[in-house]
């Protein structure tokens, strides 16, 4: 038989079952057919699920030219934000002309901030705390939840989470105590949940602010050569460029990064050469700033003013959070190579060179980049700087897509449409709804704030808050996941926490002057995430009664199927036709919810019944010969023995993000697969009968049955919880996939409605 999608290989499974399955894989369902294991299957829902190694998400690793290509791409996305900081760090640090000692101290603070915060903390430590290649604070929470019992997973997909909790004997006593306290304490579980969600919200809030700040700064830079440009012109041009930046996002990370990378490379080389020029031509003694003594002396000498100036110094590493947040779109090695071999030395030399110039010409602090360029290079540097500032917003935009994908996986955000933009690099995605909402937000912020001075007051607070939260969560990861001794983890944590705390305390002084906006936006988003998660958990509780095996719902007597709750009633009638039920859970033994309610309403089932489950994999495509798995459906007879339900099958379709499965020819595909399955079946004497029944049913009609669940809130809930659940249902109803979006013939589609109370 030729399958419509290509050749399909058949493998015989023992004892009354045949499967269409990819070569090289062992089916759990085939194992469960062993009579010795029937009782295990009948008494354990979780063990009956068909989960294979390929069903789990796995991070990608690259080498050679692909790694070099990805490293090149990372330059065009990740470093635009942190790379444009030389435009304004010193002007934000000082409010008047600095003394030579003060500029030496500021340069020392910048050097050690880039070294400690970015290089040591993020590049060498934090990037290693990935969750199967994904980064960000929520990835840390997801990683911890796989090594400790911290979170409840969607019951339909819990078997698709790779739990790796260590045995008690595998942990040292302090590490074991830490895990035990976390697992037993509801407060700590909620704290970790809120911290993970708040970290995502902070970066999303920063995603509204950063494009506005960077592009406004770029256009305001033009006023260096055209001081007469009006504020309205600056705002109008900025909004136009913002629209363009978001409009090009559907082209995908690879294309955008490949286009932006040359701009960032030229910008970094400008900074490198200008820095060397200033260092040679002005004051080479500024190299003493590599000694941390001068950083400490600056803070001690200036006291409160020195502490407040840290709010300007931290702008040197704004964008560091995107190194981790964008990890899913790139890889750890590509980010480490691009930072250590190119960006880090370029930025160090740039800041040192600016410091050398300012130490001789203190008035240059007011515009530390343009006033320190070599003679004759103002126009070229202005053009490149404007382009680099436009690129700067890409890091946080890409990071926002990555983080939204993560929180959707753990049910903290509604399932929205996600497009994978690369067949080679699987983590590169684009989310339309997020893109357009961020565009609207940045345009509003640009119009309201209208200059970088006002925006600068709100800038940087999110970054240092995310950095502090990351420090705390990575410390827990080091104990629970990496199993490092506490005497190693604690001192390192204290050092980084104090460093973060120093900058965080200075950044908090900006809250009354503008930082309140991003914090308020982050709090609102966090509440939205927590609200959705609470609603999903209540929905799972309401649906729990439907998670029952087929043998709890039906039984066989004299080759007829009966309802378990009405054993003396009439048998389940068979209606003419082939019925394809869309099964969301993919369980090997549970009753699909839509089928359960179909039986309860009609006491009937189609002549040939197929439970269709679509299982998306995190790869571009699944080969046709490895895509389909078919098994029979089983229940129990009067004597409690396992028996196959006549003409009832489960079809699991594993597919990649470029595979199109739901098409108008879906019925033809299913028919061909079942026919091939029956031809290799080892149930002697029944093959011809089942094939005849299948042909007769398909000739009569093919119908698709989907469930339509309505959730109602019970009156027993208190007012506050009812309001939360009402908001959840409002969002749920507006974000659910509509039946009309299924690419099948509408005249063959049947909806089975049912109500659940929560």
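Yeah, the Cβs are placed from backbone N, Cα and C, and that goes for glycine too.
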- Among 135-161, 378-404, 540-566, TrEMBL marks as transmembrane the stretch 378-404
- Message: Taking contact to mean 3 or more CB pairs closer than 8 A (sequence separation of 6 or more), are the transmembrane segment (337-358) and the transmembrane segment (514-532) in contact?
- Response: no
- Item | Dominant neighbour of the transmembrane segment (260-287) in 67-91, 187-209, 229-248, 458-481, 514-532, by Cβ pairs under 8 Å | 67-91
- Is the transmembrane segment (187-209) in contact with the transmembrane segment (229-248), using three or more Cβ pairs under 8 angstroms as the rule and ignoring pairs under 6 apart in sequence? no
- Message: As a test: from 67-91, 187-209, 425-446, 458-481, 514-532, pick the stretch that has the greatest number of Cβ pairs under 8 Å with the transmembrane segment (488-508).
- Response: 458-481
- Query: Where among 67-91, 187-209, 514-532 do we find the most Cβ pairs under 8 Å to the transmembrane segment (378-404)?
  - Reply: 67-91
- Query: When you check the transmembrane segment (425-446) against the transmembrane segment (187-209), do you get at least 3 Cβ pairs under 8 Å, counting only pairs 6 or more apart in sequence?
  - Reply: yes
- Query: Taking residues 6+ outside the transmembrane segment (458-481), which of them lie with a CB under 8 Å of any CB in it?
  - Reply: 117, 121, 125-126, 129, 137, 140-141, 143-144, 147-148, 174-175, 178-179, 182, 192, 195-196, 198-199, 202-203, 205-206, 209-210, 213, 311, 314-315, 317-321, 324, 449, 488-489, 492-493, 496-497, 500-501, 503-504, 507-508, 510-511, 514-519, 522
- Query: In the predicted model, what is the mean pLDDT computed over the domain 'K+ potassium transporter C-terminal' (577-758)?
  - Reply: 86
